[in-house]
Amino acid sequence: MPQVGFTDHFFKGLEALSREEQNRVREAVFAFMQDPKHPSFKLHRLEDIKTDRFWSARVSKDLRLILYHHPEMGWIFAYVGHHDDAYRWAETHQAEVHPKLGLLQIFRVVEEVRVEPRKIKPLLPDYPDDYLLDLGVPPSYLKPLRLVETEDQLLGLIEGLPQDVQERLLDLAAGRPVTLPPKLAPSEEWFKHPLSRQHIHFIQNLDELRQALSYPWERWMVFLHPAQREAVERVFQGPARVTGPAGTGKTVVALHRAAALARRYPEEPLLLTTFNRFLASRLRSGLQRLLGEVPPNLTVENLHSLARRLHEQHVGPVKLVKEEDYGPWLLEAAQGLEYGKNFLLSEFAFADAWGLYTWEAYRGFPRTGRGVPLTARERLKLFGAFQKVWGRMENEGALTFNGLLHRLRQRAEEGALPRFRAVVVDEAQDLGPAELLLVRALAQEAPDSLFFALDPAQRIYKSPLSWQALGLEVRGRSIRLKVNYRTTREIAKRAEAVLPKEVEGEMREVLSLLQGPEPEIRGFPTQEACQAELVRWLRWLLEQGVRPEEVAVLARVRKLAEGLAEGLRRAGIPVVLLSDQEDPGEGVRLGTVHSAKGLEFRAVALFGANRGLFPLESLLREAPSEADREALLAQERNLLYVAMSRARERLWVGYWDEGSPFLTP
Ligand SMILES: Nc1ncnc2c1ncn2[C@@H]1O[C@H](COP(=O)(O)OP(=O)(O)OP(=O)(O)O)[C@@H](O)[C@H]1O
């Protein structure tokens, strides 16, 4: 089979078609590859349009494939769409080998511009043509670029350029440093160049084509950003991580990396894990799409169920106790000590999270960030109380979940548990020390064995911690993503505005190439008024043809979400709780912000972005120290960010009385 390429434009066109049309297109592509000259395709060159390299092939009465014929490579599927749309695309796009980069670019034709006599104030400094060409700007864009005066004009002009060129121009306009793209080396084949692979997906053989055709195609499956590709393909000599704001494709990287590792280590046990059961099942279906099936040597399981399973298999049955069970024991054991309940519970949880079960371990362990300082004597007294609780747990044959994780870790370190050749962790920002130490112990000590995907600004369960202290040094092996593939620029900007400019030592840098309506942030006199407007908004969305399952309504606390569910149902809006996701029915998704972690929706409404809910007043009141309060505040801020950044196209935020202070940075 000759090699065949598919452009990112083709995938965009395909995504806009109905499932049935997509199937027709897939069949047509396959048939075309067997016999492009088959009369049913009525293959012809589009002579009458400006750039005469595109061809049209008929899929059905109304669907057309637009192709480009490359002298060496053969056919490249450039676009697909309904007849008029496809022809319009062909008329407004051109394919050209870039004079400096030496790579084929497919981009929107720019109108010829005449310089007007009036004086203009250009947005971009007067860079020499050569420099702009080095950045990958097509020659026809040089003049129009010089006439751009505002950011909006720039966005409008460059919208149709290859994504990598857009990124560089936006960085340039924002005064950020720009790295020149690598040119094609004389001996390099252009289709293997990373920039070509970012825009054109080449399929080499029939098997690949068959596989590609048997699954719904989505762009994330084939077009990786060069930074994503590096995170996926690099061989890391130690623990490594990918970070980036919401929607930059960290989960996509985790999936591709797991798939790449499965190819690299086909005979060895591998693990792809994440925070909860639901996210793990999403990873599993992502892998099925990517690979056809989950390879037998790759376990995909959330960390908690993996730990339980390993304990049951290798140690014995599990009986867990929670804070509500051991809390009273702790208060009893600590009688006579002058500490409040909240501090006792939080100090116990701290020792438990770090596995400080012996006096030697607890005695000198750094309590940085704990807020309340303790003398050695005080530590000893507290430890005495903790020991009583642990003793009681032992008598009952029970342990905390962290206790279980530490016990397993110990077994793994002793060599009593099977180890994975490599472990990939998604949503790693919410893993605590016990979980991270277990992950480390479950991975072999070898290159590639530990990879984490995380965004510190989405930490909503745990306090920040030093990875170095856990033996996870990632310096030199940390890749940052900044291109947001999910959210429009307008929404991304508003969501990032909730956060400080720098989170845990990393500047928040995000670049979205998608445009859409401004998010609506609205205050109401009462909860009822807010709900009534939400109902109106939801009805309007559904009338616009947005499917109910593409919409999420989120609230800070469960009670509020549940009350709202009733209200929405009464108003005739079908609702499915996010917590019932294993078996979703028809309806708008509704739940707490926590339950929307890692998910995305076409439209998101946040109900009750009030002062008192963000941050949650009742939670802050319980904070045993100023330091704990600060940590909670950061988590609450992150929660608001998580809620807002779930939205792809539309975001609606409603509050009553007074809005969250996080909304006014
Ligand atoms: N290279 C890509 N090409 C096209 N789409 C992509 C690409 N990478 C990611 N996406 C899309 O962007 C969206 C966000 O991706 P993903 O969920 O992996 O981001 P994330 O960084 O894990 O987000 P979050 O931090 O919010 O969980 C998804 O719809 C995904 O399909």
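Note that Cβ sites are derived from N, Cα and C of the backbone, with glycine treated the same way.
What TrEMBL records for this protein:
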type: BINDING; residues: Gly244, Pro245, Ala246, Gly247, Thr248, Gly249, Lys250, Thr251; note: ATP binding site
type: DOMAIN; residues: 223-488; note: domain 'UvrD-like helicase ATP-binding'
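Of all the binding-site residues listed (Thr248, Thr251), Thr248 sits in the most crowded Cβ setting, with the most other Cβ atoms within 10 Å. Those same-chain residues not listed among Gly244, Pro245, Ala246, Gly247, Thr248, Gly249, Lys250, Thr251 yet with C-beta within 8 angstroms of the centroid of the ATP site C-beta atoms are Asp455, Leu481, Asn484, Tyr485, Arg486.
Ranking the binding-site residues Pro245, Gly249 by C-beta neighbours within 10 Å puts Pro245 at the top. Here Ala246 (ATP binding site) comes close to Asp455, Ala457, Gln458, Asn484, Arg486, Thr487, Ala492, Ala495, Tyr641, Val642, Ser645, Arg646: these same-chain residues lie at least six apart in sequence, with C-beta atoms under 8 angstroms from its C-beta. Cβ-based neighbour count (10 Å, all protein chains) for Gly244 (ATP binding site) stands at 25.
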